[in-house]
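**Student:** Pulled these features from TrEMBL for this protein:
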type: REGION; residues: 1-20; note: region 'Disordered'
type: COMPBIAS; residues: 1-13; note: compositional bias 'Basic residues'
type: DOMAIN; residues: 28-243; note: domain 'Brix'
type: REGION; residues: 236-318; note: region 'Disordered'
type: COMPBIAS; residues: 236-260; note: compositional bias 'Basic and acidic residues'
type: COMPBIAS; residues: 286-295; note: compositional bias 'Basic residues'
type: COMPBIAS; residues: 301-310; note: compositional bias 'Acidic residues'
Amino acid sequence: MLRQVKPRNARSKRALEKREPKAIENPKTCLFLRGTTCSQIVQDALTDLHAMRQPLAKKFTKKNPIHPFDDASSLEFFSEKNDTSLIVFGSSSKKRPHTLTFVRTFSYKVYDMLELYLNAESFRTLSQFRTKKFAVGLKPMLLFAGTAFESPVANEFTLAKSMLLDFFRGETSDKIDVEGLQYIVSITAEDIPGEGDAKPPIHLRTYLIRTRRSGQRLPRVEVEEMGPRMDFRVGRTKEPDEATRKEAMKKPRGTEERTKKNISTSSMGDKMGRVHVNKQDFGKMQTRKMKGLKRPRAEQEGELTEELNGDDAKRVRQ
């Protein structure tokens, strides 16, 4: 743990205020680290992921003797020192070659971890694709394909979906510029299991969106693979304990929208309201008169005569 230091000037005070908990948190910054033994393939993968994560990314090239699943204190130190809530750690060993470990932290403590083994044979870097690249700072469109990601029970693939969503999300925005939708990140989990007890692999592809003239009002949309191309196998995972999960999912007061009475939203997103009125007398309402429902005039005169006779009889009795 870092010792608490009181700010000596206004600049350091502002820096400490940025790290304080907020009702609406800042965008998550990702830190890229490498271990003491890290293959060139893993280093290239870290470089490409760092480029896709820009500008909310920091990358260190120094070797770090870290074993995330044995002792995560060093990762927590780097997280607090650099104010990052996402960490991607690259390493390689004989038992676990070409490994990328995705780590999320909460309050500068490790929240959960996911280990992915990169397939060296099918891996292709960004530079190996001779196509136009995306601009820095643009948010991708995400596509998750595969029934494994939709499992109602939490497993390795639901954790991978949540982790990759956080990694590619970037800054939150309430407005979307269509011109900024330039590339798609497709993440696919095969439905066919691997050999034996092996889990199905995860394929990560990135496609550039191109619009062509179609002779109509709407253009023809084409996609072209841009890189990187990565195939993963799911390795070890670390789930958060129930107390930490409950604390991390807690929402501050004042951020939730107050429910309005008699106003609801349908499944299609339409706003529906309920209006309360007094009891209505339908006999006094002006409705459209139809000739087919109109009574004969003789019948109406007979009813009027009976009413008059009744009134005269009451007067005589009085």
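Glycine is treated like the rest: Cβ placed from N, Cα and C.
Tell me about the setting of these features in this model.
**Tutor:** For the domain 'Brix' (28-243), the model gives a mean pLDDT of 90.
Cβ atoms under 8 Å from those of the compositional bias 'Basic and acidic residues' (236-260) belong to residues 23-24, 69, 106, 109-115, 154, 156, 159 of the same chain, restricted to positions at least 6 beyond its ends.
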**Student:** When secondary structure is assigned with DSSP, how many helix, strand and coil residues does the compositional bias 'Basic and acidic residues' (236-260) contain?
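**Tutor:** Taking the compositional bias 'Basic and acidic residues' (236-260) as a whole: 7 helix, 3 strand, 15 coil.
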